[in-house]
C-alpha cells in the first residue's frame, strides 16, 4: 500500500510551484502583458538587479547584447517596450546565447517577444541578443521581472533606454497621477462560525451534514448570507495549508470562480482566483473583496469576506444570483505556494443559488458513477467469483446430481456465478469511462490492471464454450488453461482493488479499507486451506482398510456423507463472511 502513496506524493511534489507564474520551467507567456508573477505577495520596491546593453544607439536590423545581472535569483522575465508607452506590447525579438538558462517565449502570438528562465536553478547573470525590428519606435527601454524567492520578487525593473540615431532626445513621460491602491483591510475573527442560522438566514454547505463548526473541528463549513447587493461568505475546515471553495457550471474542475484561504507564517491570506483547468489557479486582485477576516485554532483555518453579487469590472468573477455547483477543497501549502489537493474535492449534489432561499445542503467527495463502479467490482470479485471457485474445486461430489439441461448441480452453480462475475465486471468497467469521458491519466496502474481483468473476464466464458468432452485428449489442456486464466484474473483483480481503494475519486476511509481488503484475502485463502486439508484427510480415511469389498464401500459412504456435511457448513460460513466483508465495503462507499 506504500507504493501508491509514494507515487501520489511524488506527483504532488511535481506540482510544486516556484517561479514567475508558479512554473519552475519558465513557461510564463500568460504574464507577458503585465509581467507580474501570480505569487499572492506584494513585489519589492527597490531593485537590486540591473540591465545593461552593449550599445545605446540602434537602427532596424541591429542585434544588441542585453545582460541581466545581480544577486542570485531563480526566475526572470525580460522584454523590450516602447520607452514612451511602457504599457504597450513588447518590441522586437530576442535570440538566445545560453539555451540552458534562458528560453524564448511566444507572447501575443509572436515568438521571441520575451525571454524567461528554463528552471528554478540559481543564476546571477543572463545574456541574450535583442533584434531591432524594422518598425521599431524611436526609443526602446528594457524591462525585467526578477524572482529571488517565491515571496521576494521585483516587477518591471527599468533598464537603459536605447534610441535610433535620428530620434529626438528622449524625455521621460510625465507620470500620471494615480492614487495609491491600499491593500484591503483584514481583521481577526474572535470566535468560530455558527451553524445555528443554516437554512434560516444562511445558505450552508456542510460535511458531515449538520455538523457544527463551533464544537466539531473536523467540520467542513461554508455559509453564504445575502445582505442587500452583497454576500457574506464564511469558510472553515481542518487544514495546515489552505482551504478553498469554487463556483462551477459543472462537476469538473476548470473555468471556475474560486477563493482560497492560505495559511502562511501564522497568517491567513484570502485570495480570489480563477481555475482554468487542472493547472495552478490564476490569482486575482483582492480588491473585489471586503470585510476580510480570519482565525486559526486547533488546526482549523477559518476565513470570511464579503463580495458584491455582481462584479462587472472583474471578468473572472461569477454573478452570484445564478445556480452553480459548489466545490470545497483543502491541501498543503508552503511559503505561500499551494499544492494540488490530495483528496477529492467535496462537490454538492446539484446546482444551487446561494443568494436564493437559504438551505442546508451536503455533498460528496466521490461521484455516483465511481461508487457504482466500486460496488459492482466488489460484488463480482469478493462474492460471486470466490464462491464460484470454491464450488468448482470442492463441491463436485457434494452436488453431483443432474440439474437443468442434464448438467450437474455444482456446474450449474459455478457457471451462474461466473457469468454473473463477467456481466458485473463489464458493467462496472464502462462506468469510469462514462464519468471521465475518456481515459484517466491520474489513476496510476489501476485502470491498466482493470483492462487486463476485463479482458480475462470476457475471455474466460468464451473459452468455456469450447470445452472438450470429458474423455477428450484435449480436456486436460482446457482444464489447465481454464484454471490459469481464472487464477490470473482473480489475482490481478485483487491487486486492482487494492490500488483502486487508494484513489481519491473513491475516497474510502483509511486505513480501515486496507484492513478490510486484507481480511477478505486472508479469509478466502484460509477457507481454501481448510477445505484442502479436509479433502486430504478424507482421502486418507477411505483408503482400503480391509479385503472385504462391502466393508470398504460402507466406509466410503459414511466418510463421504460426513465430508459433505462439513463442506456445506464451511461454505455457509464462508458465504456469511463474504457478505460481511461486502457490506463493510458497500457501507464505506455509500458514505463517501
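Our numbering is plain: 1 for the first residue shown, then up by one each step along the chain.
Cβ coordinates come from backbone N, Cα and C, glycine included.
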### Message
Suppose you had to name the range TrEMBL annotates as transmembrane segment; which of 520-539, 540-559 would you pick?
### Response
520-539
### Query
Of the listed stretches (375-395, 416-435, 447-466, 478-500, 569-589), which one yields the highest count of Cβ-Cβ distances below 8 Å with the transmembrane segment (520-539)?
569-589
### Message
If we skip the immediate neighbours and take only residues 6+ beyond the ends of the transmembrane segment (478-500), which ones have a Cβ under 8 Å from one of its Cβ atoms?
### Response
1, 4, 374, 377-378, 381, 385-386, 389, 444-446, 449-450, 452-453, 456-457, 459-460, 463-464, 466-468, 506, 514, 517, 521
### Query
Are there residues at least 6 beyond the ends of the transmembrane segment (416-435) whose Cβ is under 8 Å from a Cβ of it, and what are they?
367, 369-370, 372-374, 376-377, 379-381, 384-385, 387-388, 391, 447, 450, 453-454, 457-458, 460-461, 464
